[in-house]
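Over in Swiss-Prot, the protein carries these features:
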type: REGION; residues: 1-80; note: region 'Disordered'
type: COMPBIAS; residues: 1-17; note: compositional bias 'Low complexity'
type: MOD_RES; residues: 11; note: phosphoserine
type: MOD_RES; residues: 13; note: phosphoserine
type: COMPBIAS; residues: 45-58; note: compositional bias 'Low complexity'
type: REGION; residues: 93-155; note: region 'Involved in binding clathrin heavy chain'
type: MOD_RES; residues: 187; note: phosphothreonine
type: DISULFID; residues: 199-209; note: disulfide bond
type: MOD_RES; residues: 204; note: N6-acetyllysine
type: MOD_RES; residues: 217; note: phosphoserine
């Protein structure tokens, strides 16, 4: 029993057994030591703390970390996504969106052609307006002349009609002047007499004419005995 207790006491009081060594960690440590030796041999060792502080004042003061690049072996390199790459991307987008030369020339030619067509259409429109105005003036002049000729011909025909031998027989006035003069008279009770002067009361023997004997008798009775108001 004493031996057993001695075994436990010795195991508890003694140093712990060494842990098993990790092969990967050992390999990495070996590689790091070799790289450090190569850098020391080539003169590219790690910079001193004062050099790092002087090279990166923004980091020492706690600001301006965004403006500084990446430090590798004491040299500062610009980040890949910095302002220079931004300008290059903008220039590339401009080149992509720029019109081809052929399309630009075609667009300019079309614009020039449309301007020429607009100018020609305006000139043609002005010519048509002037021609229409001239034609309208000529038509108005011809119309006025035709109206005057018709008036003269109508007066001649009226005079010839009123001067015919049977003008009094058919109940018409002898002349146009007398008819106008009588029509302007405002004698009460003579209205139906003026109407009767415009009517032909002679009976027609032609079978093609309509029978207006009843209307003639009504007009004759109104002429003799006008309506009393």
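Glycine is treated like the rest: Cβ placed from N, Cα and C.
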Once DSSP output is merged into helix, strand and coil, residue 199 (disulfide bond) belongs to coil
Distance, residue 217 (phosphoserine) to residue 199 (disulfide bond) (CA atoms, angstrom) | 11
Tell me, if you would, which residue among 199, 217 (recorded positions) has the fewest other CB atoms within 10 Å in the structure shown?
-> 217
